[in-house]
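So the structure is just underneath, and the comments pick up after that.
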Amino acid sequence: MINVSFLGLMSGISVLLKTTVIVVGIFEGSNHLEDNGALEGYNDKIMEIVNGYQSFDGKFAEVLPIIGLEKDFPVVVVIGLGKSEDFDENKALKVGGVIYSELNRMKVPDASIVINTDSNVSANIGYGALLRSFKFDKYFVEKKDKNSVYLNKLVLFSKNDPQEVTALFNDLKAEGESIFLARSFVSEPPNILYPETYAQMIYEELSKVGVTVEVFDEDYMKANQMMALLGVGQGSAKKSRLVVMKWNGGDESESPIAFVGKGVTFDTGGISLKPSKGMWDMKYDMAGSASVVGIMRTLAARKAKVNAVGVVGLVENSVDGNAQRPSDVVISMSGQTIEVLNTDAEGRLVLADALWYTQEMFTPKLMVDLATLTGAVVVALGNNQYAGLFSNDDAIANQLIVAGNESGEKLWRLPLDEAYDKLIDSSIADMQNISTKGYGADSITAAQFLQRFVNGVPWVHLDIAGMAWDYEGTEICPKGATGFGVRLLNRFVSKYYESH
């Protein structure tokens, strides 16, 4: 993780001259740099060079390196900030990520950033660089050049009190460290991360920041009649686990917010076997659980004034002679029976018991579940654009949508309706785990299935199948695991439910 620090703009040019690279911003169409005078007599020279490049006019994320401004003068990198009226937290995040990528490509060890913005935006520029600096390279015997990290230190010069900016950044950094943890979990191969080892990793990592963690085995789940969850893992040599995380930062009398995650550490599809091509991606079928771990760690790390509980069901969906069969009937913790027609629609079975358990044990004020639940949501919304949102509560759904827009982790609400609910009625049990009546609406019928295990509690289901893994990378996330949901839920809690 890159080291980010802050100084005041009044520190002067002498401090800037000690760095390898100076990064300065310019808004689209502007005739001056956003340095607030920090570069003193060099502005005109830089602008003369900038104006000489007709292809560069300050559009968002445009980059122009300037070498040899003067003898022994640092390399100057001018970055376009786009239109000034559009520059906000999310743009600042992306600018920070672009700066990191460009400087790392240039193989420089350190740099200073001079962009004349307020404290919050300055902190987010640093945060964007931090988020983009994630690397999962532990399994390389020799680091290849493209996987090397060169940039280790960034200093941002702010017009505001650097202590104020640092305080804002430290809260963001706590969130960022949690996102890195979530990304790392999702990136781990399934022979390393499986229910037993994953549960132990959660315990070790979250105990460090004050989260109370309990790990429950299969005997405990059998005693609680969690046969929907256990049925998913019965074809695997890896034993299923239930992990409960608690953070009590609010009033003792206050009911907690609950986060529930699907943790299928590898999904073969079971007897309803997936095609071999692309099955390697199914190590990230536990991304919902990683997001729950991430938000619980974030709340504890920044000492959030809220009570929260996280519950994740951890299973491996594999195939052997004891594997669950299409047409099996299982009894869930709720007492409702489920006809399992497709063993590859397993995540909803895990969540069915995890949701019911959460309500029974903790009486939460609301529940949010996260799951890479359906490929259909990717068909509907695409990759890395919007997660699907389903809810029985309009107010909470709208709060999450606002939090998503503000954090950049956007949500699109999809319907719940009796017309869809009846599609999962079974002829021999209370319900079946897929619709067999025609085609389409698979994400909706999956959400309808989950709703049958919500007992009078405000609830939101987030289908993050298209958001958990980025095959190309973004300004703030390299190719791979995204940690989607942590920033969204942290904003949701701090904006609407935390005591300030």
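Note: Cβ is positioned from N, Cα and C throughout, glycine not excepted.
Residues Lys262, Asp267, Asp285 are given by Swiss-Prot as Mn(2+) 2 binders; from Glu196, Glu204, Glu205, Glu346, that same site also lists Glu346. DSSP classifies Glu346 (Mn(2+) 2 binding site) as coil under the three-state reduction. Same-chain residues at least 6 positions away in sequence with a Cβ under 8 Å from that of Asp344 (Mn(2+) 1 binding site) are, in sequence order, Asp267, Gly269, Gly270, Ser272, Leu273, Lys274, Asn317. Sequence-distant contacts of Glu346 (Mn(2+) 2 binding site), defined as residues of its own chain at least six apart whose C-beta falls under 8 angstroms from its C-beta, comprise Val232, Val264, Asp267, Gly270, Val315, Asn317.
For the recorded positions Lys262, Lys274, Arg348, the largest tally of other C-beta atoms within 10 A is found at Lys262.
Counted within 10 Å of its Cβ, the other Cβ atoms near Asp285 (Mn(2+) 2 binding site) come to 26, all protein chains included. Listed in chain order, the extra residues whose Cβ falls within 8 Å of the Cβ center of the Mn(2+) 1 site residues Asp267, Asp344, Glu346 are Val232, Val264, Thr268, Gly269, Gly270, Ser272, Lys274, Met282, Asp285, Asn317, Thr343, Ala345, Gly347.
The Cβ neighbour count for Asp267 (Mn(2+) 2 binding site), using a 10 Å radius over every protein chain in view, is 26.
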